[in-house]
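**Student:** Quick paste from TrEMBL:
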- 171-352: domain 'Malic enzyme N-terminal' (DOMAIN)
- Y194: active site, proton donor (ACT_SITE)
- R247, N502, N546: (S)-malate binding site (BINDING)
- K265: active site, proton acceptor (ACT_SITE)
- E337, D338, D361: divalent metal cation binding site (BINDING)
- 362-615: domain 'Malic enzyme NAD-binding' (DOMAIN)
Amino acid sequence: MISLSASSFLNKTGVPGCSTHLSLRQPRTRTRTSPAFFRVFSTLGSNRDPNGSVLIEAASSSLETSASADIVVPKSTVSGGVQDVYGEDAATEDMPITPWSLSVASGYTLLRDPHHNKGLAFSHRERDAHYLRGLLPPTVISQDLQVKKMMHTLRQYQVPLQRYMAMMDLQETNERLFYKLLIDNVEELLPVVYTPTVGEACQKYGSIFLRPQGLFISLKEKGKILEVLRNWPEKNIQVIVVTDGERILGLGDLGCQGMGIPVGKLSLYTALGGVRPSACLPVTIDVGTNNEKLLNDEFYIGLRQRRATGEEYSELMHEFMTAVKQNYGEKVVIQFEDFANHNAFDLLAKYGTTHLVFNDDIQGTASVVLAGLIAALRFVGGSLSNHRFLFLGAGEAGTGIAELIALEISKKTQIPLEEARKNIWLVDSKGLIVSSRKESIQHFKKPWAHDHAPIKDLVDAVKAIKPTVLIGTSGVGQTFTQEVVETMAKLNEKPIILALSNPTSQSECTAEEAYRWSEGRAIFASGSPFAAVEYEGKTFVPGQANNAYIFPGFGLGLIMSGTIRVHDDMLLAASEALAEQLMEEHYEKGMIFPPFRNIRKISARIAARVAAKAYELGLATRLPQPKELEQCAESSMYSPSYRSYR
C-alpha cells in the first residue's frame, strides 16, 4: 500500500489538505519502478479517508513484483508512535529514503510560504477558504499594525546584529511584511539590513547561518554551473548580484561568508527600486579564502582551501557568465560586488562589451559621489573644473570616482579627458601617485600618475597639492587626522571632506571630528551613517554617500528599457538626477544628499533618466519608448501590500 497524505488543501477533485506526500521505502538495490507507481496521483479524488489521507491500493501486478517487500510502509517502530508515513523509522540510518513532496499553498504550508504568508492578517474568509482555522489565533490585524508591532520588537534589541537577524528571519517567513517594514522605515532600518551592520553579519555569517538565501557556486560545481542555476526556483531573473567575497567592505577576505552582501543589495533593489523579489538572485562564487581565521573556524561554511587564482579562477567565472546569459538571456543585470581590485577591473573590462554588467564599487560609488559633489557646488561655488581633488585610496572606489569626475569635467568643458584628469590626485599606501612611480604601479592607477616630487604622508600631500576636496576610500579608519582636517580648513573657507570607507569603524574620520576640527565649516559626507552634530549652537546633518541612492534606480532604468549594455553616460545621468533632488531646506542643514525617506521617488527619477539615456544611445530594446518614463518607473515598482486570496 502506498500512502499519500493530502491534508488541508483543496484540489480540483475537492480533496482537503495543504500538501500531498508520497513516500516509498527504498530498497538497498535499485529496482525499476512500474509506471503504475506514478499513476497513483490520478486517483487522488477517490479512496480518501475522513481525515484527508489518501490511501491507494497498488493493484498492478508489475508494481507488486518490482518492489513487493517494500511497498507496504510498516507502522512506526518507535513505541507509541504514529504510522511511519515517510519510511524513516523503518529504514536504517544508512538506507536512503525518497523525499517526495507535492504541495499547494494552503493550510499549514501556506503559513510556511514566505511569498504568500500574511500571518494574523489573513481574513476570516481566507482562513475558511484555505484551511487555516485553528492554525492561527482568532484575531485579525492589519498589515500596518503588523509593521508597528515589528518595529516595537526591533527597537527592543540593543545589539544591531540581533536586529539584522530578526529582519532576515522575517524575510524568510513573511516577504511582503519584510519589504513593507523596510520601505516605511527606510532611514531607521537601512543601517540594519545593509552597512554598517551587514559587515558584522558577514564576519559571523557561519555562526548565524540558518537558511540559504541565494546560490553558492564553488569550484566543486565547475562544469555544472548551468545546472546549478536551474536549481534556483525562480526562472524569470532580472538582476543578479554576485561576489567572490575577497574584499567585503573594508573588512577584507571573508570568503563564502560574503553572501550577506548580495542578499542585502537585492533587498534594497526591491525596497528602494521596486524590482520584484522573485526577479532577484544573490550569488556567491566560492573559490576558497586566504583568511586563516576562517580556514580554522569550525563554523565556516565555505571551501576550506586557499583562493584559486589565475586560469582556474578565470575559467570558473567565464563558465558562470556564460551560463547566466544562456539561462536568463541578454538583458539580465549582473552586478559585481566586493571583488578585489585585480579581479574587479578585469571582469568589468572583459564582460562590459558582451554582458549587461555593472560594478557597484567602481561605478555605483562614483555616481553617488559625483552627485554629492555637484550638490556641494551650491555651497562652494564654481564648477567641478575649478576644483582640485585629492583621494586617499586608489583602488576600485577611488579610481572609479576619479574617472567619473574627470569624465563629467570633460563633457561640461569640452576639454580632453587626459586634461581633465590633471586636477585629480591620488594617494595610495606608498604615498602620492606620481609619474616616477609609473612603472611599478597597477594599470588602473597609471592615468593618475602626474608630474610631482614623491610624497609619503597624507598631510604633506594636502599641504603640497592644496586640494579643495578631500575624498577617503582607503578602507582604513582614522586616517583623516586632526592635522589633516585642520590643514584643509586653513586652505579652504568651506573644505569638502568625504570619508567614504565602510563600515563605520573604517571611516577616515567621524562627522563630529570633521565639523569640530574645521570649526563647523566642512561640507561633510560619509559612507556609513552618522548622527546629526551640534556645534556652537548649530545643527549639522552629515550626508551619507550611500550607493543605495544610485544602484536600485539605475538597475530599474536598465530593466524597464530593456538595455543590453551599460554606458558611462548613464552613470552621469544618474548623478545629475540625484543631485537635482535636493531642496532648499536640505541645503540649509548643510546636506549634499536628499533624505532616504523619499528614496522610491528618487529611484524613479533616476530610472527615468537612465532609461532615457539608453534610448538616446540606441541601447534600449523595449520599444516603443514610453512617453512618461518616470510615471512608467513608478507604476512598475513592486508593492509589498498584501494581496487578497480567493
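From the backbone N, Cα and C atoms, a Cβ is placed for every residue, glycine too.
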**Student:** In Å, rounded, how far does the Cα of D361 (divalent metal cation binding site) sit from the Cα of R247 ((S)-malate binding site)?
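**Tutor:** So the alpha carbons of D361 (divalent metal cation binding site) and R247 ((S)-malate binding site) sit roughly 10 Å from each other.
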**Student:** If you count, for each of the recorded positions R247, K265, the other Cβ atoms lying within 10 Å of its Cβ, which residue has the minimum?
**Tutor:** R247
**Student:** Report the nearest neighbour of R247 ((S)-malate binding site) in space among the recorded positions Y194, K265, D338, comparing Cα positions.
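**Tutor:** Comparing Cα positions, the candidate nearest R247 ((S)-malate binding site) turns out to be D338.
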**Student:** Measuring Cα to Cα, how many Å separate Y194 (active site, proton donor) from the residue listed as 'active site, proton acceptor'?
**Tutor:** 7
**Student:** Checking the binding-site residues D338, N502, N546, which are within 10 Å of the residue listed as 'active site, proton acceptor' at the Cα level?
**Tutor:** none
**Student:** Name the residues of the same chain, 6+ apart in sequence, whose Cβ is under 8 Å from the Cβ of N502 ((S)-malate binding site)?
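**Tutor:** Expected: T195, P196, G199, L249, G250, G527, S528.
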**Student:** Relative to the Cβ position of E337 (divalent metal cation binding site), how many further Cβ atoms are located within 10 Å?
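**Tutor:** Summing over all protein chains shown, E337 (divalent metal cation binding site) has 27 other Cβ atoms within 10 Å.
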**Student:** Within its own chain, what residues at least 6 apart in sequence put their Cβ under 8 Å from the Cβ of D338 (divalent metal cation binding site), listed in sequence order?
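**Tutor:** Correct list: T243, D244, G245, E246, R247, I248, L249, G258, I261, D361.
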**Student:** For D361 (divalent metal cation binding site), what is the tally of other C-beta atoms lying within 10 angstroms of its C-beta?
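**Tutor:** Cβ-Cβ neighbours of D361 (divalent metal cation binding site) within 10 Å number 24.
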